[in-house]
Every structure is written in C-alpha cells, then in structure tokens.
Ligand SMILES: [Zn+2]
Ligand SMILES: [Zn+2]
C-alpha cells in the first residue's frame, strides 16, 4: 500500500560507491552532503535543510496571504495521496506557530478497488500523527449515490472521462459538509503549483473569464456562506512535494483513480511540461499571472446568486452539485450528465462565456 512516486531527477544518488561525481556540500548547513538540487533555484541542499526550507516557505505563504487566522479550526482535505499527505504533515509541524488546530476530513466517493486502499492510507496517517479523522461518504450525503453508481447510470459509458468532472463537483460539496460536521472554520486542500498552473492554463484555453476571475489569489474567501478555502502548497512545485515526502519518509497512496482523468486537463498538463522544459519558472509564472489578473468591467461575469435548494453559490437556479443530483434522482442521468457537462465546463452564463480570456485582460 505504501506506494511512492519515483523521485524527481533533481535528487542526487547517495551512497553510490562508484558514483563518478560526489554530491556537493549542502549550501545551507555547509556540513552534510547535498541530497538534491532544488528544481527552481538550482541550490544544492541536504534532505534536512531542504525540508526545513520547504516548511518555512509554506509558513510564509500562509502568513503573507493571511490564509489562516490564529485560532482557526482547519479541516484538511485528506485523500491519502502525496499532496494532502505532505500538506497535513507540514501544517502539523507549523500548527503551534500558526496557533491553529487540525482535523483530517476524508471523502469516500464509493469507488470500488481504489478508495478503500486510499482511505486506509489516511487512517494510518491520522493514527501515526495523532490527528482526528472524519470520513464522509457520498453514499450517506447524496441519497445513496456512490461514484460507481453514478458512473453506471451515465448512459452505459462506464468509467467515462466526464465522471472525473462530476466527481470533482460532488467531492467539493462533500468536503464542505465534512468540514462543517467537525466544526471547522477553514478548509485547506493539497493543490500544488503544478495543479494550479494546469487549471489556469485550461481556463485560458477555454476562454473562461468567469473562472479566471475567481481563480486568482490563494483561495476563496467563503462567499455564499461557504467556508473559506485555501491552498497552502499553491506555490510549491510537484517535484518538491515528492522530494519532501521522500526525505520526511511519508507514506502515501499513489495509484491513479480508476476513472480516467478529465481529458482536457491531460492536454494542459502535457503542454505545461513542455513549457517548463524550456522555461523552468513557467509553472509559477502562470500561478502568479492568475493572481494578478484583472478583468475589464465588461468581461466580468455577473455575481452568482444562491442555489434555490442548498444556498451555495450558483450561476443558475441550482448549483452544480444540486443540478447533478437532481438529474440522477429523477432517473434522467443521461440528461443530467449531458446538460451538466456543458454547465460544468462552461460555467459562466451564456452570452458572457464567449468572451475570450485574452480580450478580457486589462493588466497582467
Ligand atoms: Zn544541510
Ligand atoms: Zn445547491
């Protein structure tokens, strides 16, 4: 179960007797041998100094962005994967300084053969780190619907790519419910800089001004009665998240979900990898671009209203989660999925969503 991703190519091999080039000395402590070269700066560090620097940078992200006030009760969205594992571990180390308390919240989507193993990883972490854990299940929250049941009812297409998008909508809702259940004041998720850059790129390529307008900054302030959300690893690269997990000896679950990832995200990921090869700062530059983005007044989407059923932010009568569940419960999953898909991908109301992102920019 304790699977790990392969180490990035920036880690030095250690203990190799006939290594041609010995690793340099750590540029921070000047004592230990360096174990890695930081992807962005090229700085050679030992594992301990790297982990300390990584934690200090997350602390800076949280403090500079005023993401978590003192006394906050923080629900950590825990999936058992590398990002949320690293996030929980770093915040646990920083909790005394930040004066926050942590509660792990895991979502059981009801995906046979995948979720059980991932949840076992979360349970192991909670026990090892003595953090409270609450598991909320789609089945309980959504009137008996598991993700497998949703997939079965979607036009016989099996584990189709659109499942990933719907699951994202439901997971967001489930995490919100779980966080409320444990009395949390804030929600944190493990999204790293690479995830953020992919999302920004996708929104640009789709010309989704509405999402670009909401996607900047280090989180959402909790509009429409939702709990404030933030992403403390938003400026940390995927490579460094893997390196941190390696040097802190964190065990996580690293299998891909059985449902194919959203197709378009895969294209954005490939494109980003090529951009990064030519310009190592491309990922972070994109994240910062989204933060600084300002939309012209005419391009700004209208302020969303409240879902008539649950009160969450919605650009139509029902929010995405309620619209999806409504279709499923009425026995019209195909209709719900077909209509839902368009709404999910192009959330801004008609007439506005055709504004190309580039036209909407006034400053960068
Ligand atoms: Zn060192
Ligand atoms: Zn709703």
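Yeah, the Cβs are placed from backbone N, Cα and C, and that goes for glycine too.
Of the residues proposed, 107, 136, 150, 169, the one TrEMBL records at the same ATP site as 77, 78, 79, 83, 190, 195 is 107. Looking up the ranges 321-342, 343-364 in TrEMBL, the one annotated as region 'Disordered' turns out to be 343-364. Non-local contacts of residue 78 (ATP binding site) by the CB criterion (under 8 A, 6+ apart in sequence, same chain) comprise 84, 85, 88, 104, 105, 106, 122, 125, 126, 133. Look at the domain 'Cytoplasmic tRNA 2-thiolation protein 1 C-terminal' (305-335): DSSP puts its residues at 13 helix, 4 strand, 14 coil.
Around the Cβ of residue 195 (ATP binding site), the same chain contributes 83, 238, each under 8 angstroms and 6 or more positions distant in sequence. There are 27 other CB atoms within 10 A of the CB of residue 107 (ATP binding site), with all protein chains counted. Over all protein chains present, the Cβ of residue 77 (ATP binding site) has 26 other Cβ atoms lying within 10 Å. The average pLDDT computed for the domain 'Cytoplasmic tRNA 2-thiolation protein 1 C-terminal' (305-335) is 80.
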